[in-house]
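Step one of this worksheet: look at the structure below.
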Amino acid sequence: MAITCCIFGLPGNILTIIVCIKALCQRKMNFERKVFDLYLAEISFLDFCLLLYWVIETLFHYLYSIKKSEYFSLMHVSAFSCFFFYMINRLFAALCSWLITCFTLIRFLNIFRPLNTIRSNIILVICLTIIFATANSYLMFTLGYDREEKSTVIENFVNDSNEITFRSSRCHIREEYSTNSLTLLLNVLVAGVLNLVLPSMLTLLVNIVIICYIKHIYNVQNFEHSPRRSDSSAGASYRSTSSTLLVISMTYTLCYVPYCIIYVLLSHFDDTNKILVYLSEISFIIRYISHSVNFYAYIFTSFRFRRDIILLFRSVFRACLCMKKQKKTKEKKPTQQIIFYHYRLSQSTATRKLPTKAPL
């Protein structure tokens, strides 16, 4: 499943980042659209990092299973990687969740008061990074890294013995904190509620309000026989810009809510229920599917995004054609010079005389 998400998700997120950055560089573009593209670029970058991390983790698991690697995960490489990748995985997941939630909320509040500014976006990202880095800083004290070496002696038929050394490492919660109720409660509140559950619930509530508002716009326009042009244009623009956001946020909510429910149940039953463990694996896969389908949500819901994608492919195709033409002209020029300098007339044509004009 990781390979499927890699094939469909990573190129889509890269294309989204390229299209959004290209749109941000256009000066004559609508300012509100620029802020929308900035949010899409940030969310796609976080989706790309999370998918890439999942693919690398799956590769490590496969190499460890066939005994080609002594590390089961990226977090098992060293003590620094144990804390760093644990922290980065939580931080990026929390940022992705809260960026979608904040953008959904800001987009709804923008009806009453314009809040979409690039400065506010930068301040929001910095504040969220500081908040979640501080909230997850307790991992520096609770995480532990152990590295062991075991040597076994294998005897051959020739009464020879070979000593083989097996190295194993693990990144885990320390024993003094694994049974501590305060640490377990802090882990559930930060990793479960603050990072995942709270943004999912807020996004779901705001989406319901937005859908009700769009339905109200449709009812008003159908009730009034001669609506004002400004009202109809405002409602149409709001519906067009909110459709993409609705699909993104609803996809995120539907994929993350089952994972949050299973996570809370697992923290209560301590991996003793096999059905919950099986369901947690399925919900984990569904969670990462949400990071790979955003590109296709943009394509199916935004005409401007489809147009930008087509223009991007056209520009790349034209650049490839120009490079191919230049390469052909460079290959033809030397051959024409060789044919010109080495060309010689045959003797029959050289001795043949031109016809002279008869005298009058």
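These residue numbers are counts, starting from 1, taken along the chain as shown.
From the backbone N, Cα and C atoms, a Cβ is placed for every residue, glycine too.
The transmembrane segment annotation in TrEMBL covers 6-24 (among others).
Sequence annotations record features per position, and here TrEMBL assigns domain 'G-protein coupled receptors family 1 profile' to 12-298.
Under 8 Å from some Cβ of the transmembrane segment (36-56) lie the Cβ atoms of residues 2-3, 5-6, 9-10, 13-14, 16-17, 19-21, 23-24, 74, 85, 88-89, 92-93, 95-96, 99-100, 103, 116, 118, 121, 125, 241, 248, 288, 291-292, 294-295, 298, all in the same chain and six or more residues away from its ends. Residues or ranges marked as transmembrane segment in TrEMBL: 36-56 (among others).
The transmembrane segment annotation in TrEMBL covers 76-109 (among others). Panel annotation: around the transmembrane segment (76-109), residues 39, 42-43, 46-47, 49-50, 53, 115-116, 120, 124-125, 128-129, 132-133, 136, 139-140, 143-145, 169-171, 191, 194-196, 199-200, 202-203, 206-207, 209-210, 213, 241-242, 245, 248-249, 252, 256, 291 of the same chain, lying at least six beyond its termini, place a Cβ under 8 Å from a Cβ of the stretch.
Annotation source TrEMBL lists transmembrane segment at 121-141 (among others). Panel annotation: around the transmembrane segment (121-141), residues 35, 38-39, 42, 83, 86-87, 90-91, 94-95, 98-99, 102, 177, 183, 186, 190-191, 194-195 of the same chain, lying at least six beyond its termini, place a Cβ under 8 Å from a Cβ of the stretch.
Here TrEMBL flags 184-214 (among others) as transmembrane segment. Beyond its flanks by at least six residues, the transmembrane segment (184-214) meets 90, 93-94, 97-98, 100-101, 104-105, 107-108, 111, 132, 135-136, 138, 142, 238-239, 242, 246, 249-250, 252-253, 256-257, 259-260, 263-264, 267 of its own chain at Cβ-Cβ distances under 8 Å.
As annotated by TrEMBL, transmembrane segment applies to 245-265 (among others).
Marked as transmembrane segment by TrEMBL: 285-305 (among others).
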Quick test of the contact rule: Cβ under 8 Å, at least six residues beyond the ends. What residues does that give for the transmembrane segment (6-24)?
33-34, 37-38, 40-41, 44-45, 47-48, 51-52, 55, 291-296, 298, 305, 308-309, 312
